[in-house]
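Beneath this line is the structure, given in structure tokens, with notes to follow.
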Amino acid sequence: MSKHTLSADVPVVSMDAITKTFPGVKALDQVRLDLYPGQVTALVGENGAGKSTTVKILTGIYQPDGGTIRIAGAPVILNTPNDASAAGITAIHQETVLFDELTVAENIFIGHAPRTKWGLIDKAAMHRKARGLLDEIGAPFDTGAYLRELGIANKHLVAIARALSVDARVVIMDEPTAALSHKEIEELYELVETLKAQGKAILFISHKFDEIFRIADRYTVFRDGAFVSDGLISDIDQDALVKMMVGRAVDHIFPERQAALGEEVLQVAGYAHPTEFAGIGFTLKRGEILGFYGLVGAGRSELMQALFGITRPSKGVTKINGDIRVIRSPADAVNNGIVYVPEDRGKQGVVIGLPIFQNITLPSLGRTSQSGFLRMAEEFKLARDYAERLDLRAAALDQDVGNLSGGNQQKVVIAKWLATQPQVIILDEPTKGIDIGSKAAVHEFMAELAGQGLAVIMVSSEIPEVIGMSDRVIVMREGRIAAEVQGEDLTPETLVRHAAGIAPAPESIPA
């Protein structure tokens, strides 16, 4: 038990000058983070601030390019998840990494089950120890129950019991309340207090300010992959934390636009989904860029997938040019002039293994075929026209799309859907993971599309992008529209407050 006897003012884990670079992106730049025994440290920052990369470094999934990690003052190298586990670091993710077809006890002790003297798994000892761990955290379910029989909250308890089973000194909780009910969240808070009393150092990642200020003892703020500030949560307020999160300069100058809005092209009313969103309604005009902002779990991407027919809402009406349309599939959406550029280009956007030109022309084969036969020359011409419009950088259009950079893959996806001649284009995180030059090119092209009368919906987690590109912004929180913001009200602080459910600052409340 010597792991837990450190003084409360001596960090269990220290990360110092940690740097991590991916192709074209510096994810972490000289960041530091200290975790203390018996205390909760909230790691705070916008989407893309470097929180997830930090967690992956601490859990041995990524290795830093520079800097030092110390545990109880001694430098360590965490090359693998096993190294992190052996060092007493465990993570409980928003989506628990457990196995539905195994029992509770098997999930708790997978990889380190007690053994008999003959080397066989000692099932009696495993269930006995599992029962003790579950009792310790107030989990009432049976150790022999299959995980598939449990709800999300109880699966979290299994993950926590697993962390305790390896005598973890550091417990990382990454958005642990995202899928929990109010009652389940309260139970999780009680469990956090139990872990604190046991001397665990807890890294708590959340976008919800109310829970940060309720359970955290310390805070650390990252912004754009860099350390901003840390300290005691009792020494700051929500206003100060918001300013630390968003107080950065815009990366580049966004294109100037003189929005000339046309008639209403899309109307959404009463959209609802059993688990993702409810009460959604908005309109969109030709030539308009409508931004959607929100935090993790807000339901933005899920709403866009419903608009495009990937999923079906349980209720709601879609009108296009004033006429009610029923969209049951992506084909229905495309036929009605709605296209969707997804966030996950590799899985949903491009077809790896096919050449660039075929990726661009896939949804438009009717335009490049005659009597059921493809006309290769027409297919190449269509692909070349849109590739040139987007300044697609490729050695040849017949090369595998998988060989392109992220930015150029994004251009292929946009070209593919523009070739269908849509009325509405939905861009989900259009510049995520691409370099600054490609970002600027995508922004210029978005402005050009709007200028030509195309209606654009942009989902983005980057506040400068949302403000710099949008005519209006709809902020979503927990599956509902929290606010619609435009004009002088469109500020970083306003967006963060609405997204996190924070009341306006006193000076901004009208008299």
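In case you wondered, yes, glycine gets a Cβ from its N, Cα and C as well.
Under the heading ATP binding site, Swiss-Prot lists Gly45, Glu46, Asn47, Gly48, Ala49, Gly50, Lys51, Ser52, citing sequence analysis as support. What Swiss-Prot lists as domain 'ABC transporter 1' is 13-249. Per Swiss-Prot, the feature domain 'ABC transporter 2' maps to 260-503.
Lys51 (ATP binding site) falls within a helix when secondary structure is assigned with DSSP. With a cut-off of 8 Å between CB atoms and residues at least 6 apart in sequence, the same chain places Phe222, Arg223, Asp224, Gly225, Met245 near Ala49 (ATP binding site), listed in sequence order. On the 0 to 100 pLDDT scale, the domain 'ABC transporter 1' (13-249) averages 88 in the predicted structure. The number of other CB atoms found within 10 A of the CB of Glu46 (ATP binding site), across every protein chain shown, is 23. Its Cβ placed at the centre, Ser52 (ATP binding site) has 18 other Cβ atoms within 10 Å. The Cβ of Lys51 (ATP binding site) has 24 other Cβ atoms within 10 Å, all protein chains considered.
Cβ environment of Gly50 (ATP binding site): Ala27, Leu28, Val31, Phe222, Asp224, Gly225, Ala226 lie under 8 Å away, each six or more residues apart in the same chain.
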